[in-house]
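**Student:** Sharing the features that TrEMBL gives for it:
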- 1-111: domain 'CMP/dCMP-type deaminase' (DOMAIN)
- H53, C83, C86: Zn(2+) binding site (BINDING)
- E55: active site, proton donor (ACT_SITE)
Amino acid sequence: MKFVSHMDRALAEARAAAARGETPVGAVVVAPGGRVLAADGNRVRERADPTAHAEMLALRAAAVALGSERLTDCDLYVTLEPCPMCAGAISLARIRRLYYGAEDPKTGGVAHGARVFSHRQCHHVPEVYDGISAAESADLLRDFFAMRRNAT
Ligand SMILES: [Zn+2]
């Protein structure tokens with residue numbers, strides 16, 4: 001089967017998040033056959049919900065769409081390295097492959113910090129592919145924070 005990246009869709013969700021004044025991060029959950037089950041961006045401020053990260057929203061919506069708490073053989077695309085909370089949720093959801101864009105040394109929990117998937121207590125470890133459209137993802141974040149700094 002031909003590999004089709006859904007990172008462009010995740011980047012579109014990240015841009016939409018920035019337009020809403022949210023940290024520009026976007027996520028997409030794709031079913032085994034390649035169908036997009038869910039896509040969303042950060043909505044932490046909009047919902048006044050510290051857990052409303054793009055990955056959490058996309059995982060929840062995909063689980064509802066499938067009628068199952070397990071997203072077996074589904075893949076997740078996210079523009080930024082997931083934080084520890086989202087990495088935990090990715091494991092619980094049994095995501096098959098995690099594709100992410102920019103690395104996040106500050107709050108990431110996959111290649112940095114908690115390194116959630118590297119612990120024995122993590123019972124499902126996805127295949128991880130990093131650096132997918134990393135430059136575009138990082139540019140979005142940099143521009144967003146530069147704009148915010150200039151606004152204050
Ligand atoms: Zn997160």
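Backbone N, Cα and C atoms are what each Cβ position is placed from, and that goes for glycine too.
Whatever TrEMBL says is automated annotation, not expert-curated.
How about a rundown of where these features are and what they're close to?
**Tutor:** Mapped onto DSSP classes, the domain 'CMP/dCMP-type deaminase' (1-111) shows 35 helix, 23 strand, 53 coil.
Counting every protein chain shown, the Cβ of C83 (Zn(2+) binding site) has 23 other Cβ atoms within 10 Å.
Other C-beta atoms found within 10 angstroms of the C-beta of E55 (active site, proton donor) number 30, with every protein chain shown included.
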**Student:** Around the Zn(2+) site formed by H53, C83, C86, list the extra residues of the same chain whose Cβ is within 8 Å of the site's Cβ centroid.
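**Tutor:** Not counting the recorded site residues, we get A54, E55, M56, P82, P84, M85, A87, A89, G109.
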**Student:** In whole Å, how far is E55 (active site, proton donor) from C83 (Zn(2+) binding site) when you measure between their Cα atoms?
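**Tutor:** Roughly 9 Å, rounded to the nearest whole number.
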